[in-house]
Structures are given as structure tokens and as C-alpha cells.
Amino acid sequence: MELFGLISIPTWLLVIIIIVTGIYLYFTWTFGTLEAMGLTTPKPIPIFGNILSELTHFVPDVDVKHAKLYGKTYGFYFTRIPSIRTSDPDIIKAVCVKEFNSFTDHMKFDLRSVDPMMNRFITQLSGEDWRQTRNVLTPSFTSGKLKQMIPFIDNCANELTSILGELADANQSFEIKDKFMAFLTDVIATCAFGIDLNSQRMKDQEFVTQAKRLVFQQNMFYLILAFIVPAPILKFLKISIMNAEALAFFKKVILDIIDARQKNKSRRSDFLQLMLDALEENNAPTDSNEPKKIPMTYETVIAQSVLFLFAGFETAGSTLSFVVYNLATHQKCQERLYHEVKDALDKNDGKIDYEMLSQLSYMDMVIHETLRRYPPAIRTDRTCTQDCMVNGIAIKKGMLIGIQIYALMNDEDYYKNPEEFRPERFEEDGCDYKNSFTYLAFGVGPRNCIGMRFALMEIKMVLIHILKQFKIVVAEDTQVPLKFLNGRFNLIPEKPIKLKVERRN
Ligand code: HEM
């Protein structure tokens, strides 16, 4: 083929040139958008945009470094997608609360490649669909409903402390996260699905194997593929950000439970039942003139049950591991906490109840300080759903706002010596962390973490059980200070955290 009558090039070469140019344009077309908005932006490269540094470094450090280099609010190309990243409390307040109606949605992953039902995860839903589903789920997390779960959690915590007792007697160090994950598997199985698993003692159960597959498959590689490769191609190549076999397993488990409950007309106060009740109530005909509700389906309920497992397992497991690590390496804090727990139990005839949990103020500080330093979610996000102006920045519909949770909570401007573990910082004058936009471990605004109260309840309960019987100490093989793996979206220690426990007399 002749080009402009000048050079003769073979057709195959021309096709290659057109394809390469097309790909190049596809991956670079959006470059310049952020700079035009007046945002300082690191220089992007084709295909990767600005993400390369995240693949090879410790992601939370990258976020802190970027905030120092480019300011608390800057532009960032997630592959080819222009986004704004911010750890500025004023902008976070505007996006998550004041202008929430323009930022109702999260970043979307197309999960069709795994199972269409997964597009019903509440995290995936947008606008009115999300609002409706959240309204149905919220009543399951009220203090009244959570109280009913205390006996279930108590049983699982008793099993854990009996195992810890054996390890204390053997004077053996052990991987603490393994123990917490087994405990949490039992808690979620009983509180979410009404299954008494006892995986802490009975190993190798399929529920546990599949739960681990579901939670641990994600990594940056899958995440990036999910962004740049269309869902049908991912499906064809059998690549997914979630393990399809594990999802199918849990879907069947939940369907079987629903089926059995309907046949036997039985009930249990777990999340599944609460959601089924809410579904029935939501779909009941009304004779008022209210606008028509979006009917909920079993599919939505099943999707949320699986999501709870996914969202609540690793987050609570890593929080608990970091709390006990901090207590082992800060014995003074542990003693103060032990005395708070002991006094509270003495006043309450040794019983744990919901009211007592809410009175443990130092426990609250220890947990929140751990979450500040080691947040399980280092970022969250919102997608702009209608053009809007935020603190002088004109944000277009469709643009993604990355909220830098770790960078914010480890910013010297808000937390003096942020690398220090010091729960007392929360009782110092002027530090009303729960009501400030500088503390974001559970997110903020109407789309914050729906499971926060449940998570805090189970974490506090298991800590009480442990502290009243044991002193947590470092072992010869405990890594101090902690070092973390690079290229991950969550804080995973290079070496698993190993500790010892000693019986208190
Ligand atoms: C220490 C434990 C936990 C932490 C640190 C945590 C953190 C978070 C964060 C940061 C978000 C995003 C919030 C935002 O964008 O403003 C979130 C959302 C969410 N979390 Fe949690 N979470 C924890 C435990 C749980 C548990 C136990 C459950 C369920 C039982 C759960 C269910 C959810 C759900 C369903 C959402 C999405 C809410 C929505 O889109 O409306 N989380 N969580």
C-alpha cells in the first residue's frame, strides 16, 4: 500500500501502526484534563498513568509523600482515568456531607465477570438504588439489634480464650491474626448466617477455605485489570478480582439457609433474618401516595450477606491484630486498659453488655488510635454524579475523588508525631476526633461504614475476654517495629505478627 503516493508500506504494517496509535490514544486521551482544572498532577505515563509508584512501593507512604509534594488536594491518573485525590478535611466534608447529593456513588467495578449478582453489592449501587438498599440494611445495625448478637460473640470469644490458655501454658508464641481470623469466621458465620461453625477448633472446613479465598484474592494486579479490560474479556479469560468459586459457594450456602427457614418456618436473630424481614416490610404494598419504592429482591439480600463477610472479616481481623500488637509493645497502655476492663466487669457482676461496652472510654481510644495508625481501609472514594463546584474546583460528572484516609490520619498538621502510638492524644483538649473530618477510619457522611458499630462491638468484646485473663507480651520472634509489604492496598506486615500471652493471676 502506498501512503500519500510517497512511501510504500505493507498492509500488515499499516494495520499494526493503526492499532498501536489507537491504543496509545485510548490510554493518553484524557491526559491534561486535571492540569487544565488547575490541579498539580504528577507526570502520567501511557497505560499506567500515575499508578506505577503504587505497584512497587508501600502504598500508604506513597500517599503521604504525594500529599507533601503536590498538596493535600492533587490530580492523579488512575491508569487513564483522571481523578482528584484529597486529604483536605474541608474538601472531604464538602464531598461526603455538604454536597453529598452530587457524590452519592463509589468507584464502580464491573463484577459481571464474576457473577451478575455481585453488581448488587451495596458498595456497587448508585443513587436511589443505593439509598433504598441502605435504608433496608440500616435497621439491622441499630443497638437494639446488635445487643441480640452479644451471646453469639461471647461463645466464640470463650473458645478463643480457651485456645489462648493452652498456648499460655505451653509458653508458645503464635501468629495472632490466624487466631483472630478463625474467631471472626465463627462470629460472622453465627451472626450473619446462623451457622455454628467452631472453626477455631475444627480445622479444614469448606466454609473457612472459601472465606479465605474470597477475602484474600484481591491485589493491585486484578484491580488494575478490572479497570482497563472490559468485563466480557475478563470473563472469557477467567480473570476476576474476586474468586468466582468462593462466591458460588456462599451463594449456595445462603440460598440453602433461606430455603430451610422457609420450609421449617424457623427464625434466628442474625443479619440474614433481619435483612429478610426488612425485605418483606419494604416490599409490602402501601396505600399511601408515597413515591413507589424500588422493590428489593432475594438477590440483593444474598449479595449483602456475602459482602458482609468480605467487608467485615479482614478489616476487623487486622484491627484486632494491630491492637494487641500495640498493647504488647506498650505495656503501660495495656495496664491502664486492663484496669478499666477489670473495674467495669467488677461493677457489672462479671457480665458484658452493650451499655458497659459504650462506657469503656480508654478502650475506645486504644482502638481508634490503632485504626488511625493502621487503618484497614487506607482510602475510600466518591464519584461525582452531577457537575458541581467544591472549594473553587469545578468537578465534572463522572470524576472520581480519592479520599486519602491514611494520609489524612498520619498528617502532622492534625496529629502530632503521627507515627507514635499514643491513645491519650484523643483525650487532650480540643481533640474531638469522632466529630472531626480529620478522623476517617470508618469513612464519613451518609455513605460511611454501615458495620462500624458491629465491628466495634465484636472488637471490644474479644479484647475484654482476652485482657481479663491474659497479659499480652512480645516474643523473641515478634517483628518490632512492624514492616509492611509493598504494592498492597491494605497494611500487610512483612512477617506475620507473633506474640505470647501469659495468664493473669
Ligand atoms: C474495623 C472494622 C472496619 C473498618 C475500619 C471499616 C471501614 C470502612 C470504610 C472506610 C468504608 C468506606 C466508608 C466511606 O466511604 O465513607 C466502609 C464501608 C462499608 N463497610 Fe466497613 N469497616 C469495618 C467493618 C465492617 C463490618 C464488620 C461490616 C459488615 C458487617 C462492614 C460493612 C461495610 C459496608 C457494607 C460498607 C459500604 C457502605 C455503603 O456503601 O453504603 N464494615 N467500611
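Don't overthink the numbers, they just go from 1 along the chain as shown.
The backbone N, Cα and C atoms fix where each Cβ goes, glycine too.
The model shown is predicted, which means the values in this text are computed figures rather than measured ones.
Summarising the annotation, TrEMBL assigns transmembrane segment to 6-27 (among others). Distant neighbours of the transmembrane segment (6-27): 46-47, 79-80; these residues of the same chain sit at least 6 beyond its ends, with a Cβ under 8 Å from one of its Cβ atoms.
Sequence annotations record features per position, and here TrEMBL assigns transmembrane segment to 219-237 (among others).
The transmembrane segment annotation in TrEMBL covers 301-325 (among others).
If you draw a 10 Å sphere around the CB of Cys449 (heme binding site), it holds 18 other CB atoms from the protein chains shown. Sequence annotations record features per position, and here TrEMBL assigns heme binding site to Cys449.
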Tertiary contacts of the transmembrane segment (301-325), as residues 6+ beyond its ends and Cβ separation under 8 Å: 117-118, 120-123, 133, 137, 176-177, 180-181, 184-185, 188, 192-193, 211, 214-216, 242, 247, 250-251, 254-255, 258, 271-272, 275-276, 279, 366-367, 370-371, 373-374, 376-377, 451, 454-455, 458-459, 462-463, 466, 472, 478, 482, 490-491, 497, 499
